[in-house]
Every structure is written in C-alpha cells, then in structure tokens.
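Just passing along the structure, written as structure tokens.
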C-alpha cells in the first residue's frame, strides 16, 4: 500500500507522457490505476492494424484514429473522474516549448526514434523537469532516470550510428541480403513508384559503357501506350541484366570478388507466363487498394516459403502490374511502408532476384519484411513490466527520493535468479556537449564541403537540432524561422550552397563555430579541423564529428551522434515510423569495471558467448521504447561516479 506521503505526491502531480503505443498504453493504464489525477499525452500517430496485438486500449474500430485521443477515452471509461489531456501532434512542434514542459512535475518518454528522444531530453534539461526514459524489445527492457545536474542526461553517452551502406556497395557490389533489400526498397521501389524528380538513378554508370539509344533515354519512364507487361520486361532486363553487364565491364572490381550473373527475363520466365501472370486468380484481387496482393493473385499463401527465382520473377511482374492497375493514382507519391503488403511483396521479389544474380541466399517474404522494416517481435508482458517500473520511478522522483533512484533492466535470462536488474544512476558526464556544454571537434574538408552539408549532416542529423542557428564569431551564417525577412532567407539560402572556406566569414582549420537551437535552448561550440581526404566506405558523409574527453593532459575523442547519409553517398537501413517493434539506435552502456555501469555479479552463464559483459540500449517497437542488449561498450574509458 502507498503511504500518505506517496498518495499526496501522486494526486498533486502533473504528468506528461510522450508516446501512446506499446509502453504508452500500459503506462497510461498504470498511472490512472495508481491514482494520478492530471495526465497529458502527446502522440502524433494514428492506430494501425499491426498495433492491436499489444496496444490493448485500441480496437479494430479505432484504426485510423488518433492514438492519444483513443487511449484517453479508453482509460476514462474505468477512471472517469481523472483529467487526461491528449495532443494529437508532434512533440517537436513549436507549441511544446520549454515553457510548456515547465508546467509538469515529471516527463515519461515512450518514443520510437532518437531524434525525438534527444529533443525531449533537451527541453527537460532547459526546463529543469525530471525525465524518465523507457524501452522494450522482445523480452528485454529498461527504465532510466534523468535529473538535471544529478544524473546523466539521456545524451551523456555516445549513441551508436544507425547502420548505413555506401551507395557503391548497394549498387555495384552487394554481398549480403540486406544490401539487396536496401537496393530494392530505397532505390528501385523509390525510382518506380516514388517522386520522379528525386536524385536517384539506378544506373548512373550507363554512359560509361557503349550506350545504345535504348539506354540513353530514361528507362524507368513508361512510354505512351506501352502495355504493363512490356514495361515490366524492360525494367527487369535493365536492372537485373544490363546494369549487371555494365558493372562486370569494370574488371578491376571483380579481381577478388565472385562475378555476378546478369539475369534477363527470357532466361528466367517464358513470355507466355508473363502474359498469363495472375490472370487465373484475379478473383483474389480486391478493389480496396490496401487488400491488393500479388501473392493472393498468384495463389502463393505462405509468407515463410522461400520462392524460387521463377516465383520471385512472377511476383515482381504481378506486383508491378497491380500497382499500375489498382493503385495508379498513388504512383509518384509512394514511399516504402512495411505495412503495405504489395510494397513488401515487390521489394522481397526484387531483392531476391538481385540476390540470385550475386550468389546471395534467397529469403522468404517474412524474413525480408523483418529486414526492410527492422521488425522484431513484440512481447506485451514486457511492456507491462516496464510501465510498472516507470510508475515506481516516477513516484520516487515526485518525492525527491534521490537515494533510491534506479536504472532498471529487464533481462531475458535470470541473473542470480533475478530478471530485473537495478543499477544506481551515475552523475552527469562532464564531456557531454548537451548538459555540460563541452566543445566538439569536426574534421572536414573546408574547401570542398558546403554549409548545407554541415547543417544537414551535422547540425540536424547528428546534433538533433530542429531550428538551428550557425555563427562564426559575431557573423550569422545561417538561421531559420518564420519571422525572417525575405532578403535574409535568400541570403542564408545562398550561404548554404557555398563551401565553408568561401562563406562571407570563411571557415577553415582552427575556426570555432557556434550552433544553437532556440527552441531547445541548446548551444554548443564546434572546433573545425581541416582534413583533405575521407574513406568513402567508412566515412560516407565526408565529415567526422567527435566529442572531447579530457583525462589528465591527454585529449581523446569519442565518436558522437548517429551517422546519416545522402542518397548520393550512402543508404541507411533504419526505421521511419512505428509498427511491430522497430529498432532505433540508442546509447551504448558498458557494465565492465571502470566504464559505464557495473551490474552486481552478473554470471557469464546468463550472457551470450557472442558478446559477454556488455550492455547497450536499443529501441523498442512501434513507439520506440529502448532497451539494453549485450554488445560492445563504447564509453570514454574514464571512471564515472555513482549518484550519491
């Protein structure tokens, strides 16, 4: 039973929940049943069918409606006398500024992406509001407490970079099935069904070979009065045949690699089968675009079957046909969605055909969907456990019971007969550029990289600033805002296209740039170091951002932030939205002595052989709840102090 002091703290608290999905539904229920009277929820998502297996406040009739609003209505049915305020909006909207956050006693996060997490962390720091982070994936989960000036903030430890693949590997030398998935999803699907004006040419090297008039034109443009079968054959032969021939013409590339085999449709599927493709089972094709399925049309029923090359080719043609017959109005505006059955079928087939060409094992649609969407299976029970732990920590925070704050990790296998592992929080990292204002170091070719590269790849992508301001001394190089004059906007846009060394206030080695985000009330300095060359495979951005960690008289750097990439440089396989459990890159935490966290006597028997003695956070399902998994540590090597 709760004490009178606890009940008083609970009833008088004003709580902000960010996220109303997997953990969010459980958390809202637990808060309401624990006696909280004033709860606010922010969630920008609507309910999808795939949410219903674990987000128990929602029903099929709610599909398409606001998560925050439906969750509120569901809880009010059994706790009608409490106040729940829903916001169907993005937490990064300007309405949710520092003043908005200051009105709450505690903020509880259940997000699905690093960008929003960092944003909330910074607003909580600026407003001095306690933050409780949480996450689950499968049987694993965690709850962490972040108090300004007392514990580490969410960004005190470097976050691992999302996995990205250089475009040269994706387009020319794939060696893993994931390379084929990224090619099919982010290049081929986007080229055929996405924005026609995007900078994405699957065969920029065509002109390097002896180009016939057939390949001098845009192969992906469907000709007037061209039937779908003929168009499909032309696309198939180009991307799986001609492009491979062009790649093979560079003998140097294949000296130490297995040579791929060009695939032309005449060698895989007789033309009469293409013409009959799906015709026998058209009764399976519904008028509702969401029900359209190449598998149903072809009579393929088991998504866990691995299709042959011929079956993949049939699915490829049928999916292409159905897009043009049933969903033609959407073509030109589509982007890959793992909940879009026809899109998953097309990407699976295209990836498998490419894999066959490069001698890579084929995968089932079930496996391909998991890779394309970064899906791992959700466990509703884990969400419930984590939600309960969040409420426990929230009550401690409301009572200012700092001595009993705990970071708690839910393990898949017992350690010392425990599945829940509590760990004492640590003090803020003095090298954290967010809460300690430590300067960063950027290695960049100042005579080649543009200000736009710096703003997009570093300031926005790695530092997570939404409305950045960039200054060199007193010179303002870039700024965004609705209140800017037109001539100022034009001036900043012109600056974006200039290389750093040619800006009105030139940036060179030794320059210190100041970047700010007024909405987040965050400012940091970046020391510029000129560097001529970068490894295209390992450093596709052409820039390397590091944080400073000072130990005695030595200065070492640790990589900071998540790596992103341009379509022209690298393709990243990462989640874009919530759904079945999506993995997002979160921070790395070590439990070895002298690094990030030491857990009490964790037995080797509980840790997989592949990576013993290390924990790091990853993210949850649809609503991004992150968690600790076993992996390599990435701390700065300096000793951390526990919160006293």
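The backbone N, Cα and C atoms fix where each Cβ goes, and this holds for glycine too.
Pasting the feature list from TrEMBL:
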- 3-433: domain 'THIF-type NAD/FAD binding fold' (DOMAIN)
- 19-24, 43, 51-54, 67, 112-117: ATP binding site (BINDING)
- 153, 156, 432, 435: Zn(2+) binding site (BINDING)
- 168: active site, glycyl thioester intermediate (ACT_SITE)
- 329-369: domain 'Ubiquitin-activating enzyme SCCH' (DOMAIN)
- 442-534: domain 'Ubiquitin/SUMO-activating enzyme ubiquitin-like' (DOMAIN)
- 533-578: region 'Disordered' (REGION)
- 557-569: compositional bias 'Polar residues' (COMPBIAS)
- 593-644: region 'Disordered' (REGION)
- 617-629: compositional bias 'Acidic residues' (COMPBIAS)
Neighbours of the Zn(2+) site 153, 156, 432, 435: Cβ within 8 Å of the Cβ centroid, same chain, sequence order.
125, 152, 154, 155, 428, 429, 434, 436
To what whole number does the mean pLDDT across the domain 'Ubiquitin-activating enzyme SCCH' (329-369) round?
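Within the domain 'Ubiquitin-activating enzyme SCCH' (329-369), the model's average pLDDT equals 93.
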Say you check the Cα of residue 22 (ATP binding site) against those of the binding-site residues 153, 156, 435; which is nearest?
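Closest candidate to residue 22 (ATP binding site), judged by Cα separation, is 153.
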Measuring CA to CA, name the entry from the recorded positions 19, 53, 112, 115, 168 that ends up nearest residue 435 (Zn(2+) binding site).
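Result: the closest of the recorded positions to residue 435 (Zn(2+) binding site) is 115.
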For residue 435 (Zn(2+) binding site), list the number of other Cβ atoms lying within 10 Å of its Cβ atom.
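Other Cβ atoms found within 10 Å: 22.
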Determine, using Cα-Cα distances only, which of these recorded positions is closest to residue 156 (Zn(2+) binding site): 19, 53, 168.
19
With every protein chain in view, how many other Cβ atoms are within 10 Å of the Cβ of residue 53 (ATP binding site)?
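Taking all protein chains shown, residue 53 (ATP binding site) has 12 Cβ neighbours within 10 Å.
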If you measure residue 43 (ATP binding site) to residue 153 (Zn(2+) binding site) at Cα, how many Å is it?
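If we compare the Cα positions of residue 43 (ATP binding site) and residue 153 (Zn(2+) binding site), the gap is 22 Å.
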Distance between residue 53 (ATP binding site) and residue 153 (Zn(2+) binding site) at the Cα atoms, whole Å?
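Here the two Cα atoms are 33 Å apart.
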Quick check: of the binding-site residues listed here (19, 112, 115, 153, 432), which one has the Cα closest to that of residue 168 (active site, glycyl thioester intermediate)?
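Result for residue 168 (active site, glycyl thioester intermediate): the nearest of the binding-site residues is 115.
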Could you tell me which of these binding-site residues, 43, 112, 115, has the fewest other Cβ atoms within 10 Å of its Cβ?
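Selected from the binding-site residues 43, 112, 115 on minimum Cβ neighbours within 10 Å: 115.
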When the Cα of residue 153 (Zn(2+) binding site) is compared with the Cα of each of the binding-site residues 19, 112, 115, which one is closest?
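Going through 19, 112, 115 one by one, the closest to residue 153 (Zn(2+) binding site) is 115.
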Quick check for the class: what is the C-alpha distance, in angstrom and rounded, between residue 19 (ATP binding site) and residue 432 (Zn(2+) binding site)?
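The separation of the Cα atoms works out to 26 Å.
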Restricting to the chain of residue 432 (Zn(2+) binding site) and a gap of 6 or more, list residues whose Cβ falls under 8 Å of its Cβ, or answer none.
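In sequence order, 152, 153, 155, 156, 438, 547 meet the Cβ cut-off.
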Which of these recorded positions has the least crowded Cβ, counting other Cβ atoms within 10 Å: 153, 156, 168?
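Relative to the other recorded positions in 153, 156, 168, 168 has the fewest Cβ atoms within 10 Å.
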